[in-house]
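Step one of this worksheet: look at the structure below.
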Amino acid sequence: MQIMATQNSKSNIFWSSSASVVLVLLLLVDVGVCQNCGCNGLCCSQYGYCGSGEAYCGAGCKEGPCSSSSPPSTGTGVGSIVSSDVFNSIVGGAASGCAGNGFYTYDSFISAANAFNGFGTSGSSDVNKREIAAFFANAAHETGGFCYIEEQNPTSIYCDASNTQYPCASGKTYHGRGPLQLSWNYNYGAAGSYIQFDGLNNPEIVGTDSTISFKTAVWFWMVNSNCHTAITSGQGFGATIRAINSMECDGGNAATVASRVNYYQKFCQQLNVDTGSNLQC
């Protein structure tokens with residue numbers, strides 16, 4: 001026997017379907033509150049939404065604690081500016097006996113760079129090249145030309161006991177590690193929360209995992225300081241020095257400022273871009 005829908009049942013079906021569509025749209029709006037990303041501790045999906053899980057952190061993930069196992073893209077984004085040859089010319093000067101020799105790899109850098117939306121990709125070609133040169137210049141200075149992974153002969157465990165949000169773990173030290181020498185428990189804790197590693201209980205991973213090491217440096221550059229804004233808004237390389245170590249500026253340590261500037265000029269030349277103005281701080 002054929003069942004015929006009555007007018008009322010058709011109406012009910014219509015309103016039920018409409019309600020379902022509205023509900024789905026509301027859910028999408030709720031998920032998309034952080035559209036275009038920048039949400040602390042979450043992944044930015046390939047469609048520009050913040051969240052967690054494979055749909056957000058998997059293939060196409062743009063920034064945050066991405067888990068995609070896909071090989072890093074080297075033809076677009078930062079990879080189109082920094083080829084493996086250019087990268088090796090920048091970091092390859094470390095002597096064979098240096099701990100950093102072989103640690104700072106191209107694939108790790110590209111993976112870290114691609115995890116942060118806008119890093120080296122948010123401006124004109126010249127602006128993007130200057131940002132990459134500025135990042136590497138400060139990293140080269142901090143690591144002795146990429147010779148070191150960890151701070152040499154630290155005189156402190158860099159534990160701020162007054163910081164209750166990121167309390168120090170017993171027996172752990174939070175001395176400088178990685179390209180920008182991540183230091184202090186509160187920075188390890190915050191970076192770990194954003195990138196998703198245990199920065200407080202396992203700070204050593206910043207000195208043993210090349211990708212995480214680079215990610216902490218790009219995190220500091222993009223999230224924890226105004227380095228990215230400074231170099232992309234025309235404030236000049238000197239503003240990145242002030243953001244990283246303001247004590248060097250205004251005559252505080254002319255030699256270290258000169259070291260950073262020399263690296264910056266060298267890397268700008270390698271990337272075929274002028275340095276811009278305001279190199280000192």
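Glycine residues also receive a Cβ, built from the backbone N, Cα and C atoms like all the rest.
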Statement: Among the candidates Cys147, Cys168, the one bonded to Cys159 through a disulphide according to Swiss-Prot is Cys168
Field: Recorded disulfide counterpart of Cys249 (Swiss-Prot; options Cys227, Cys268, Cys281)
entry: Cys281
Task: Identify which of Cys98, Cys227 is listed by Swiss-Prot as the disulfide partner of Cys147.
output: Cys98
Query: In terms of Cα spacing, which of the disulfide-bonded residues Cys44, Cys98, Cys147, Cys159, Cys249 are within 10 angstroms of Cys61 (disulfide bond)?
result: Cys44
Message: Under DSSP, is Cys50 (disulfide bond) part of a helix or a strand, or is it coil?
response: strand
Task: For Cys281 (disulfide bond), identify the closest of the recorded positions Cys43, Cys50, Cys98, Glu142, judging by Cα separation.
output: Glu142
Field: DSSP three-state assignment for Cys147 (disulfide bond)
entry: coil
Message: Need this for a regression test: recorded positions Cys66, Cys98, Glu142, Cys159, Cys168, Cys249, filtered to those with Cα within 10 Å of Cys50 (disulfide bond). What's left?
response: none
Query: Looking only at Cβ atoms, how many others are within 10 Å of the one on Cys98 (disulfide bond)?
result: 17
